[in-house]
Amino acid sequence: MDLYCVMGNPVEHSRSPRIHARFAELCGQQMDYGRRLIPLGAFAEGIAAFRREAAERGDSARGCNITVPFKFEAAALAEHTSARATLAQAVNTLRFEADGSIHADNTDGIGLVNDIVRNAGVPLAGKALLLIGAGGAAAGVLGPLLDAGASRIVVANRTVDKAIAVVQRHAALALGHGATLEAWALDEVPGAFDVVVNATASSLVGDAVPVSANVLRPGALAVDMMYGPAAAGFMAWAEAHGAVPRDGLGMLVEQAAESFEIWRGERPPSAQVLAELRASLAAGH
Ligand code: ATR
């Protein structure tokens, strides 16, 4: 059996096993996807143990997803790292190659782009986009948002120096796409935007949305990268100010779909699985 898993700490609430099990079922792929709680400071040992235990059982460990807090150290174990993961300075997908080497990638950004463009039906080409936050979540999606053709992206952060650093790292990519890329403090964001993405942890800690509602163009798409209660404050704010709110569930399913394709070479029916997941969450499961 080909084995996969999500590794993190904590990891018990991850929905990835359920999403990948459904992808595998719908695609007729023989694989098993579990979850592994990795002690802090023991990530490399966690990877080694997963591969060793699989081999001892006669199975084959083929890859894993990486979540908090290990996304930043995963690249160090890999022989090859994709350009988008290098730019993001974070990895969420490892593929174990037949020769024993490890390929590292980051599917978070393309997952967000695919959810916005395909599932929400909002093309990003030529659009003005505000990215709120400059931590790991924001850095993970900026490159793919530029690749998707947004003509102007503003990164706004409480600590403006972090926004400046992320923007500087992506300056060459923005130039290559002919896009404008700027860093601003939260209370100084200039103009209004077609798409606003919240990549901060402000809702998690119960704080108000950290930007003025003037950033929302009428009918703007406002996406929180979280879902459930953690996204509720931002979504209510967006709706109250004439924007179309969207949570991060679609991004979650779409980043999983991209990982699944990297591992299995087949695109799973992600929109169907997203609809099923929404229905089952709405029913309280
Ligand atoms: P993640 O990996 O989820 O991005 P992170 O790297 O700790 O986590 O980044 C958290 C982000 O949320 C940062 O942009 C942070 O702003 P600072 O860089 O100024 O710390 C932002 N953030 C957290 N709490 C916030 C709050 N109450 N108001 C505004 N921004 C907040």
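Just so you know, glycine gets a Cβ as well, placed from its N, Cα and C.
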TrEMBL has G133, A134, G135, G136, A137, N157, R158, T159, V160, D161, K162, G248 down as binding NADP(+); which of M31, M225 does it also list for that site? M225
Taking TrEMBL at its word that S14, R15, S16, T67, D108, Y227, Q255 bind shikimate, choose the one of N92, N214 listed for that site. N92
May I ask which of the binding-site residues G135, A137, V160, K162 is closest to D108 (shikimate binding site) if we compare their C-alpha atoms? A137
Can you check which residues sit near R15 (shikimate binding site), meaning Cβ under 8 Å from its Cβ, same chain, 6 or more apart in sequence, and list them in order? L252, L277
Candidates K71, G133, G135, K162, G248 (recorded positions) passing the 10 Å Cα cutoff around N92 (shikimate binding site) are K71
Nearest of the binding-site residues (S14, S16, Q255) to G133 (NADP(+) binding site) - Cα to Cα: Q255
Given S14 (shikimate binding site) and G248 (NADP(+) binding site), what distance in Å do their CA atoms have, once rounded to a whole number? 14
Say you check the Cα of K162 (NADP(+) binding site) against those of the recorded positions S16, K71, Y227, Q255; which is nearest? K71
